[in-house]
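Everything below concerns the one structure shown next.
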Amino acid sequence: MQKPWVEKYRPETLSEVVGHHEIIKRLTNYVEKKSMPHLLFSGSPGVGKTTAALALAKDLYGDTWRENFLELNSSDERGIDVIRTKVKDFARTKPIGDAPFKVIFLDESDALTSDAQNALRRTMEKYSDICRFILSCNYPSKIIPPIQSRCAIFRFSPLKTEDLVENLKDISEKENLNLEKGGIDAIIYVSEGDMRKAINVLQTAAAVSDEITEEIVYKVASKARPDEIKKMTQLALNGKFVEAREQLYNLMIDWGMSGEDILIQVFREVPNLDISEKEKVHLVEAIGECDFRIVEGSNERIQLSALLAKMGILE
């Protein structure tokens, strides 16, 4: 069975990691000196936090990386018992081979409960001579200050377009795909700097055809073309509510889009609309209200229709 491409093409070493050049430079320095503090990786999903941690371990330990590296997902195992058992048991044993210390990687550590984080802080202190921790999170504000102060913090930003393009072209070449310019642009649009999402969309599109076109990408990603969203919003802004609502229903039915997905794309189009700054402010406010109501459980079609109606009377 074929591996997911995100795993098949995951970088094995720090030198292979795409983007984040300054971060990779500092991590490589830790490997060369065989010395590092506890680390905190923060950033949105799919930007390379886990990949960087795995590559660091492989560069640091070589063939014994599996024995000296423990990876846990804190969103699945978020209670204090995990810290007291799995983490503590691994942290207090000596490293294998000539490794200076072991590494424990806690993915999505912002999901740890407050009690678990306090227990983790004590474990970090107690075993700091033979163990280092790498914490990965989406929201660093959810990590308690005593842990943050013990870590060197690395902020992973969304990947740049050129980094995404380079990697997508490389994978396409290895998989014998014809990645068209429109297909690349579409993947860049739907992934928003998320390399994992970009590769997953590419693999899904490749299951449909070896010719990766704009149309296929938007279809498999269940996203509308930006011009489809712009057409709908422009109709609404021009007071053509019925036509705008018809376009909305087409997006929801033909493209299988959720109300939340459509709302996010409308929000992304706001800066490009030919309306005044004041009208853009009022529109963003209306989008925020619509988003809140949908999250609270209101009917998506009714709320999005109400948003389109408001667009026609913006002041």
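Each Cβ is built from the backbone N, Cα and C atoms, and glycine gets one as well.
Feature annotations, courtesy of Swiss-Prot:
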BINDING   Gly43, Ser44, Pro45, Gly46, Val47, Gly48, Lys49, Thr50  ATP binding site
Let's check the environment of Lys49 (ATP binding site): how many other CB atoms sit within 10 Å of its CB?
26
For Pro45 (ATP binding site), the number of other Cβ atoms found within 10 Å of its own Cβ:
12
Sparsest Cβ surroundings (other CB atoms within 10 Å) among the binding-site residues Ser44, Thr50:
Ser44
